């Protein structure tokens, strides 16, 4: 929006402005919009996903590192369990130290066992994801190969049909092909006036009729028979 119509609170006066003591000098008035605003060039940072940077990145390794960091953060935020009773002062026995007779499916697991179980489950999930990815890639490759093979077969079929339809001898051998017609089509200029003018015009006697051709007219025929032949 323009500010040209707004009033000036401090109009410019020659030689009487700020820092102007000489009346012979021209008055100078500056605005904040006249000052340079962008004095530095902005460069692309390393974290702005440049094409070269994206090509050189290992997304699988970064994903695995983020998963491990998230697991460590989750384990760090988990509150430690403190037991006030005298029976729970000592640490819980490990799973391998518990006799087989005392094992029960309802017994809770320790923190270390829980961490090991989570790491194993994460590894299993990663392996399952990679296997699913390889399966999808293989299915897409097979689908692409099948489509290319079908396209080649269709092109070959069309080419053979064109070859067979272009040869009339081969068309006659096919029972499903319609009977070919070798009759010569009548030309469009068969009944024009100036075609074969002197061919067989005197063999038969015809009734007098008007012909728009001086060489085929009755007067010309009589004149040629009388004075030329």
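The backbone N, Cα and C atoms fix where each Cβ goes, and this holds for glycine too.
Here is what Swiss-Prot records for this protein:
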type	residues	note
MOD_RES	2	N-acetylthreonine
MOD_RES	18	N6-acetyllysine
COMPBIAS	24-34	compositional bias 'Polar residues'
MOD_RES	47	phosphothreonine
COMPBIAS	52-84	compositional bias 'Basic and acidic residues'
COMPBIAS	104-126	compositional bias 'Acidic residues'
MOD_RES	110	phosphothreonine
MOD_RES	121	phosphoserine
COILED	123-165	coiled coil
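Features as recorded by Swiss-Prot, highlighted on the structure.
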| residue | record | contacts (Cβ under 8 Å, 6+ apart) |
| --- | --- | --- |
| 2 | N-acetylthreonine | none |
| 47 | phosphothreonine | none |
| 121 | phosphoserine | none |
Averaged pLDDT, computed only over the residues in the coiled coil (123-165): 91
Secondary-structure category, per DSSP, in which residue 47 (phosphothreonine) falls: coil
Counts of helix, strand and coil residues, the compositional bias 'Basic and acidic residues' (52-84), according to DSSP: 24 helix, 0 strand, 9 coil
